[in-house]
Amino acid sequence: MVKRLSYLLFACFMLSLTSVFGQDTARTVTEAVQQQNTETGPVNEFFRSNAKIYVPMGILVIIFIAIVLYLVRLDRRLTKLEKE
Amino acid sequence: MAKNWWKIACVLILLYVIIGGFSVKVPSIGNNQQAARSIFFHLPMWMCMYTLLAISVVNSVWYLATNDLRRDIRASSAGSIGVLFGMMGFATGMLWSTYTWGGTIVNDPKQMTTAIALTIYMAYLVLRLSFTDLDKRARVSAIFNVFAFALLIPLTYIIPRMVESLHPGSATSPGFSSQDTAGTIKMVLWPAFLGWTLLGIWIYTLRNRYKRLVLKNILHG
């Protein structure tokens, strides 16, 4: 009984949390859309130049580096297994 | 480390290709516009597929000559990674054609014959799964692989060059000869061929080593 009640309370707590955070994120998103990132500096200006084409380029570089790191780790593990 | 220099070279070349592919100036022709940059990633997939499937068929023939099961493992690993790259090439081509040719699968002969060739290679991979006896599997699939490669080249390379096609390098459209391609594109495209092919070979060697570990007891017993 106590267990069930605590589950119910926990569920209510989580639900209230989502509504609170839901409102907050919604507001943050609208605010973010309204006020664009206007920070200056060479890096920011580079990524904003040429209709922001360098943003997807950076995304591809990140994905590629992650895949390569995974391959390197797999390679090392195989080498270790082969030596056994 | 000394044996792995080509993996480092592959990563450096591909970083150059990704950064260069988005940065160089490409001529904006027709409705291709900036989608022309897709060539740095779409075309190398096919070059990588050809290389891996050639490795696969060479090892299949080698198996038939020597009956060495390690050759069969090489052939199957190269075959499956080759099909993976072929499917990536097909998927990227589908996205590209949706926004330039006006359809995901259009009546383009190269797209159709490539689909047929890829299906034949998928049949090769399915055929391998249908055997329980290792030697029988190796022999039958090696023979199938020779026929599959003998179909791949005419289907994806010769026929599309003889008929009208939307792809470059057909009977009615220019290919990639020295006069037709902008210098900036070639500056990135040739390294892209090398880099993506090396990446494919790297993944193939990893799969090959894994499969050899799985069959270790049979190979050395």
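Quick reminder: no glycine exception, Cβ is built from N, Cα and C everywhere.
Record note: among B:7-26, B:187-206, B:187-206 is the stretch given as transmembrane segment by TrEMBL.
Within the model, the domain 'Cytochrome c assembly protein' (B:9-163) carries an average pLDDT of 93. If you look at the transmembrane segment (B:142-159), the same-chain residues 6 or more away from its ends with a CB under 8 A from one of its CBs are 46, 53-54, 56-57, 60-61, 63-64, 72, 75, 79, 109-110, 113-114, 116-117, 120-121, 123-124, 127. Among residues of the same chain six or more beyond the transmembrane segment (B:39-65), those with a C-beta under 8 A of the stretch's C-beta atoms are 17, 20-21, 71-72, 74-76, 78-79, 81-83, 85-86, 88-89, 92-93, 96, 121, 138-139, 141-143, 145-146, 148-149, 152, 156, 185, 188-189, 192-193, 195-197, 199-201, 204.
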